[in-house]
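Everything on this sheet refers to the single structure shown next.
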Amino acid sequence: MPVDRNTIKLLRIPFSFFLAPLFLFAYSQAEVVVHRQALWSFLIIHFLVYPASNGYNSYVDRDEDSIGGLEKPPLPTRDLFYLTIFLDVAATVLALVFVNTLFAFCLVLYIGASRAYSSRQIRLKKYPVLGFLTVVIFQGAFTYYMSIAGISGGALRLDTANIFVLLGCSFQIAGAYPLTQVYQHEQDLRDGVVTLSYKLGYIGTFAFTAAMFVLCNVFYYLYFTTRELGMIFYIVQVFFIPIVIWFGIWFSLVWKDRRQANFRNTMRMNWVAAICMNSCFIVLIIINRIPLSYLSSIETAVPEYGYAQETLTDFYLRSTDDLNTRRKIRIVAAKTGIEKRYSVIPDFDRNPEEFQFFNRNATLLPEPTLSERMQLYQKHATALSRKAIEQIPGFEQIKRNITHLITVTCTGLFAPGLDVELMRELRLNPAIQRSSVNFMGCNAAILALKNADAICKSHANAKVLVVCTELCTIHFQKRYNDDYLLSNMIFGDGAAALLVSSQPDDRYLHPVKIDGFNSMVLHNGYSDMAWQLSETGFIMNLSSYVPDLIRENIRPMLKAVGLKPEDYRHWAVHPGGKRIVDDFATALELDKCLLGPTYNVLKNYGNMSSPTVLFVLKEVLETAKPEHLGNRIFAAAFGPGLSIETMQLRYVHA
């Protein structure tokens, strides 16, 4: 089918520039971008659907005076009609093949509304209010929804924030559309079309536009503040300034001379608005496409030997004949809030003659040496780590794409270390970037996540595997001082593995974005939590003052960095001990039910050092509900120093 130059001109393809802002806005706000589909969506909308809509409108109206983008439009021919049909069909087919069904369905609805607006049989445009609403809905909210469907490959979730943005988009079009009609009153009347702009009059059109843009800004403000992106709203306002200035100048000209409501001034308004808004949303794309970091998966593992707290207490009791010591052991055990712990050691429920690790007598003397304990660590740490890692969904398929490996431990060391062992046994990429967080205690998982977060924000395609493995029970000591009584009665073994990446996935109901970290070292607690090497293993010092230090300092710490406990709905707190958790809740005036996952992990596993907070966080994430979208999560853990490490996360769109 031959197509002449005038027919192409009536498609007004350059006019798509004026209609591009909402697509760019949608692209900037999409939590997930499928880049190939996004590109096809942009091309289909702006080079097929919009031109077909323009061409069909010109064919039906047969305009002789100026129309949007053309001061002197040529007369249409039948070829224009056939070309618009071809473009609409091509758009639908390409959408089905290269984008997705939802996007194609939205296109069909948009095309249908566009035809109904212009066609002589229906002619929605001749009704001032109905025609106006058709444009406002389909070029506003519906276009944003359709764009998200194409960009992200799924439907926009209609939560409160997104309802605000849909309303903002429609009010943006509601403000712009009457201005595009302000110079066409006479031409529209000749065609039997009574527009809203004609009903409002010249001055009324400007007043109406101003009111619509105020409402547009109100809903954009609500949208960005609901998503806690208030600064983005103010960035948008900066780009609105030139639009407001030209709008004011044009209004003053029309106030003095109605002839200033003409084609050329309208096009100037279109150009100023389109340049500013397209630039604004491109800036938002750049801001929002800066790599972020997301928790993709958390998996946990424990050794095969699980012991009731009573069993472990009996084992400890049998190691001494001193009645006062035995009484203190029972008192401490009763207050731990622990029902079960796990260990790589099979001895805790056996008779002395059956021991495999400890010396075969009830006194446990002589105690295992540091070397023997490290041999046991090396024997079991890699296997336990693998047990957690291999539960990550699709690990075999994604493991070659892992770019970084961070291992965490404070209960054993050897070289080549746990990182190299995991690379070898799991057949990870031999060029993987690896690092280790060693001997930093119970809050080391958050320190590792801080490193992973920095990596993901520096590398757009980063995928970081973090592995925390602790075998605390191999350092069981025949000691009875008050501090060590608690250590022997609360620590267990466990491992946790998680992926941190710069793109969200659908492992959980809502992807979880890392928002930030905060840290504080309390030097007055320097000796209250310590971890020393000795000839008979690692010696843990955990004084009874630790809960007091945390209780006295956690609220001032949060206040100093501007964090408010009431802003957080979900809490993943390291269960360093029952009193630590109780005092943490008291200090922040938290209902203890908010710390349910923390108490559950303490009860069922004890304190496993670094992986423990990840056990808690896993339980928090697995109980997510649809209404949790946008909610914040606060994680905290405590380590030697005395140090407090915190992490803030947020449920975001899938």
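A Cβ is built for glycine as well, from the same backbone N, Cα and C atoms used for every other residue.
Worth saying up front: this structure is predicted, and the values here are computed from it rather than measured.
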* Tell me which range among 9-28, 129-148 TrEMBL lists as transmembrane segment. => 129-148
* Asked: Can you count helix, strand and coil residues in the domain 'Chalcone/stilbene synthase C-terminal' (522-652) using DSSP?
  -> 59 helix, 34 strand, 38 coil
* Asked: Can you tell me the mean pLDDT for the domain 'Chalcone/stilbene synthase N-terminal' (296-504)?
  -> 93
